[in-house]
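As structure tokens, the structure follows; a few thoughts come after it.
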Amino acid sequence: ARMRLPALVLLLAAGLLHTQASPLARSFQLDYEHNCFRKDGAPFRYISGSIHYARVPRPAWRDRLLKMYMSGLSTVQVYVPWNYHETLPGVYDFTGNRDVEAFLDLTAELGLLVILRPGPYICAEWEMGGLPAWLLWKPDIILRTSDPAYLAAVDSWLHILLPKIKPRLYQQGGNIISVQVENEYGSYYACDYGYLQHLLGSFRALLGSEVLLFTTDSTQAEELRCGTLQGLYATIDFGPESNVTEAFGAQRRVEPKGPLVNSEYYTGWLDYWGEAHASTSAAWVARGLEDMLQLGASINMQVVGWQRAQPPGEYMFHGGTNFAYWSGADYKDQYKPVTTSYDYDAPLSEAGDPTEKLFAIRTVISKFQPLPVGPMPPATPKYAYGRVALWKYADLLDVLDVLCPSGPIQSQFPLTFEALKQAHGFVVYHTQLPWDVPDPTMLGAPPHSICDRGYVMLQKEYQGTLERDRQATLHVTGRAGDTLDILLENMGRISFGANTSDFKGLLGNLSLNSRPLSNWLIYPLAIDTAVQQGWPHAALPKSSSEGSMGPAFYTGTFETPGIAWDTFVNFPGWSKGLMWINGFNLGRYWTCRGPQQTLFVPGSVLHIGRPNNITVLELEGAPPTPLLLFLDRPLYNRTL
């Protein structure tokens, strides 16, 4: 008997391990008879919130996810931006801030389920809706359709991404309970069922037959017609301004049975450059949430008060920041670029701080399910590091040898960013005046051909700015042979609507007195590469003009008092540009247009015990005494 007992224990242990490891022991399914989800056979309703790992520095992931968990959320919804990972065809980056597997593993560690939205298109007010700009190297490609060139690129990407996802599916022992196919496809003009069918086949082949696949669209009948497909569970999105019963009635027209699901319940709204800072009532959001929970619906909270005249937009529980060049744009009668801050008046602020809206939502959730035991983690500490003086390092045109080390490309007429294989940032177009221009003469471009802003210099003197859908002409004077330079800025590709093929640069011939200019030298600039390698701080001082107008680099340093806390940098008297700290691109500022007046600086990019290197590229005009002001809170125009 003593010998048989260990053997029995071993057999029982082996059986237990087999049960735990078997995918069949875990299930997440639709129950059409009882109109609910079933998790491991039991009725289940999720309360979820969206977070984008690409907008949150990796050191802050745990803090943000823990706050979401302590808010009462059982689930987080996560986009995967294709262009964030496949930076060039066949070149992938899943390291550091881009380590999506580490992010997903952290959600599991903290006890959160995941709804994954891997695209390939995601919208999200993200550059080109997550589609890589290199797709446009083939100018006639038709995005988000059955175009063979597009499908080949999509298939290649999904064969890289989805095998990383499959082991993390709930049925495989992970925490991903469902996966969205495409994103709000019904709002896209193409209405290509063959494309959706192709994606469905790819997702099934790579993820298996058990995973729950779904779509999300607005409540509009036409969008639900074009965005849904048999084999994909149809969910909807709407905000607190909608009648909940009517909105779910739209879902019932395409899914007569099954759980009610609002995949994007909008808790806030986005900011565009040049418009007022948006906010949404906490009480209004909480009331709409309670109405849906009383109906037994599953909900994912995001941050945009959707109206039919607006794009479906975003819907974050925590928004974060559009660092570097990742902010997208909308097109509504004109090009509307999105701000660097992705705060969106979300329940967790841009810096990850709990807001009044979060506590209102938490109170509603507590009426329907127990909250986790313990206090809500506090706001992250902030520090006002004060004033930091900068000095002018060089005019941009004086350092083209550093920023474009391979030299210029010669072309009879201008080339687009895509023809140059330049995804983001800036390109300089250089030529000479072909004749004397003694009287003010119009320098202009065809309609819609400045994408997106062109900073014009004649003999290296700043003349003014050409801007997409706003300013297409300037008047100049000069002599034959005078140098003419236009610095073209890409402000972010359109992320929503039919205009996702958003080419950048000079899309048409620039003309002088209606006569086309030619013989261009074109410089694609690699500014971030230079800054990340220590330039200009590691370079010898540059001799440049003392003037403060036009594109120029400014540098400075500051030290922290033994701490590296989050902070916000203000730009008093500056116009528009970008800023780097220790090689990290914080994104665009545009103080003269607003509403955003400060950039968020994560404490994780700061040094302790050695200088922090600041580099600023000012595009229009710096103040006579260039300085920055580090604050412990953000500023918008309305709060100045």
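For all residues, glycine too, the Cβ spot is worked out from N, Cα and C.
Here TrEMBL flags 1-21 as signal peptide. Residues or ranges marked as domain 'Glycoside hydrolase 35 catalytic' by TrEMBL: 37-367. Residues or ranges marked as active site, proton donor in TrEMBL: E184. According to TrEMBL, the feature active site, nucleophile maps to E264. According to TrEMBL, the feature domain 'Beta-galactosidase 1-like first all-beta' maps to 414-525. Residues or ranges marked as domain 'Beta-galactosidase galactose-binding' by TrEMBL: 551-609.
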Active-site residues (E184, E264), the one with most neighbouring Cβ atoms at 10 Å: E264
E264 (active site, nucleophile) and the residue listed as 'active site, proton donor', distance between Cα atoms, whole Å: 11
Tally of DSSP helical, extended and coil residues in the domain 'Beta-galactosidase galactose-binding' (551-609): 3 helix, 28 strand, 28 coil
Secondary structure composition of the domain 'Beta-galactosidase 1-like first all-beta' (414-525) [DSSP: H/G/I, E/B, coil]: 0 helix, 57 strand, 55 coil
